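S.K.: Grabbed the feature section from Swiss-Prot, which reads as follows:
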SIGNAL    1-21  signal peptide
DOMAIN    72-108  domain 'EGF-like'
DISULFID  CYS76-CYS86  disulfide bond
DISULFID  CYS80-CYS96  disulfide bond
DISULFID  CYS98-CYS107  disulfide bond
DOMAIN    115-364  domain 'ZP'
REGION    356-411  region 'Disordered'
COMPBIAS  375-396  compositional bias 'Pro residues'
CARBOHYD  ASN438  N-linked glycosylation site
CARBOHYD  ASN503  N-linked glycosylation site
Amino acid sequence: MMHTFLRRLCVVALCLGYIKASADFDCRRTSQSCVTGTCNDVNGDCDCPTDANGVATHRNADCGLEIAKVVPTALCGPPCLNGGECYEPTVGTYMCMCPEAFYGNKCENPRKKVECSGTEITINYMPIPTFSGDIFILDNRNTPECAFTEANGMYTATFTYQQCGVTTTNDQPNAGDTSYEISAAVRFNANIERATDMKLTAKCVIDGTGQSNLNDNIGTVSVDQRTDLTEETALTEYQPVSFQLQGKNGNPMPVPVNLGDELRIYIPLADTGRYTKLKITELQTNNGMVEQDLVMETLIFNGCLTDIGEALVTGDISSDPAIPAIIINFMAFRLRGSPQVKFDARVQVCEGTDTSCDSVVCPSPPQSVPSNPQNIPPANPQNIPPANPQNIPPANPQISPSSSQRKRRAAPDNEVILHETLTVLDPRSNEKLRLPHNKSDIKSQQNADPQQCLQSTEIMVMVIVLIVAVVLLLVITTCLAVKFMKQRAAQVKIYNPDMPTGNNTVRIPRAAC
C-alpha cells in the first residue's frame, strides 16, 4: 500500500523562465514598484535608467539590479539558479539577484508551486514583497475549507479533489487518466479589483497506470476578464524562448488589428542560465486554411529574408543584445482567403562557445524559396495551440503529442518551434471578425453569433412596427393635449356678487372663422 501511495504522490515545482515584466511583476500593482527608472502605465514594465551615452545602468523587472555590480557567477559559490545573477551589493558581499518568478538564496524556489497526491491538491504562492492583497479560490472566497493561510510570506491552500469547485475530467490527456483543475485569484489590493490582478490555474493529472504526474498550468490573466482572455501558460518543461506579437516599439498590440498597422515579432531568450544566443532560422506564415484553400509563404529561410520577406518585413532582422531577443518589424498583412495570419518560427539557441547562432551573410538579391521548405509543422488550423518549444502540437487533437512526434521530424535539442496567430481586418470593407471554419461548423457558429439574431428579418420588422406605434401614440397624445388647452383658454370666468346663486361662469361666443 505504501508503495502504491508513493507512486501516486507527485510534487513538481513550476518552472517559469525569466521574461522581463512577466506576470509575477507589474509596476502598476499595489506594493510592486520600480526600484529605479519609471513605470510604464501601459504595460506595467519598468523603464530602466541609462547613462549619458544611452546605455542602461540597471536591469531586472524592477530595474533593481545595478549592472556595474554584476560579478562572475563563481563568486557566489554554488551558482545562482533559474536565471539569477551574482552581484556585489557591498564590497566583499556576494548575493544572487533572482528573476521575479523565483526566490531564495540561490533562486532555487519558484514563487508558484503545486503539490498533487492521489486525493488532494495543494497550491503554494509566494508573492513579491511587500504583498498586502488577497488570495482566494475563484467562486469560493468565503468558503472556510478553501481559504489560503499565510506563513512567513507563503500563501497555501490544501483541499481534496471533491472540494472548492475542482473540475474533474476523465480520459484526459490520455485514456484512463484523470485531470483535476482549480483556479485562484490574486488581488493585489484587497478592496479593489483591477486588470492587473492575476489568475492562477493549477492542473493535476493522475496517470491511468497508477502513477501520478503533474502538468501545472499556472498563468496570468485579468481576473475581471477571465472569461475573455487566454491564459499565459507556464509549463513544467523549460522553454528557452517565447514568441510574442507586439505593437510598434514593443507597445501592446492594437485591437483590432487593421491592414497596415505597424507591428513586430519579439522572440526573447528566457534567461542566460544555459543559452546565451539565439537566431531565427525559418519563419513561415499561412492563412489557417486546409487542403486546397491553404496559402503559405516563407519569410525567412536559413536565417535570411526571402524575396517575400523583404516585401513584408520593415527593415532587417534586428536584435536586442541586452535580453537577448530577435525583433522583426512588419506592417500588418494577411493572405488570400482568410483574415487569420498564422506564424510558424524555427529558432536556434546556442551556448556561449557555440558559433552556429552567429549572423550569416545573406544573398543579394534575396532568395526565392518554395513553401514549407523544411516542413515546419504548422499550428492546428482549427485549434490555435500554445507555443510549445519542446513538443510540436499535433494536427489531430485526438492524437497524443508523443504519437504525433513519431510521425514528424523532431527539432534538434538546441532548436525550438514556435507558433502564433494574428487576425487582421480590412478597414475599407464592412467585414466582421470571423475565424475560418469547416462546413460542419457553420450551423454552430450561426447559433452562437449574436449578430445573426439582430439581423433577423422578423425581428427587424417587429422593431419597426413598434417604433411606428410609439410615434403615432405620441402624436395623438400631443393633439389631445393641445385641444384641451385651447378649450380651457376659450372659457372666461365672470364673477357677479349681486347674483345670489347660480353659475357665475359666462361663455362668450366666439366669432366664426
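Using N, Cα and C of the backbone, Cβ positions are placed for all residues, glycine too.
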S.K.: So which disulfide-bonded residues are near CYS76 (disulfide bond), with CA atoms within 10 Å, out of CYS96, CYS98, CYS107?
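M.R.: Hits: CYS96.
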S.K.: Restricting attention to the domain 'ZP' (115-364), give the mean pLDDT.
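M.R.: Per the prediction, mean pLDDT sits at 81 for the domain 'ZP' (115-364).
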S.K.: How many Å separate the Cα atoms of CYS98 (disulfide bond) and CYS80 (disulfide bond)?
M.R.: 8
S.K.: Whole-number Å distance between the CA of CYS96 (disulfide bond) and the CA of CYS107 (disulfide bond)?
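M.R.: Distance between the two Cα atoms comes out at 7 Å.
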S.K.: If you measure CYS107 (disulfide bond) to CYS86 (disulfide bond) at Cα, how many Å is it?
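M.R.: That separation, Cα to Cα, works out to 11 Å.
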S.K.: Whole-number Å only: compute the distance from the Cα of CYS80 (disulfide bond) to the Cα of CYS86 (disulfide bond).
M.R.: 7
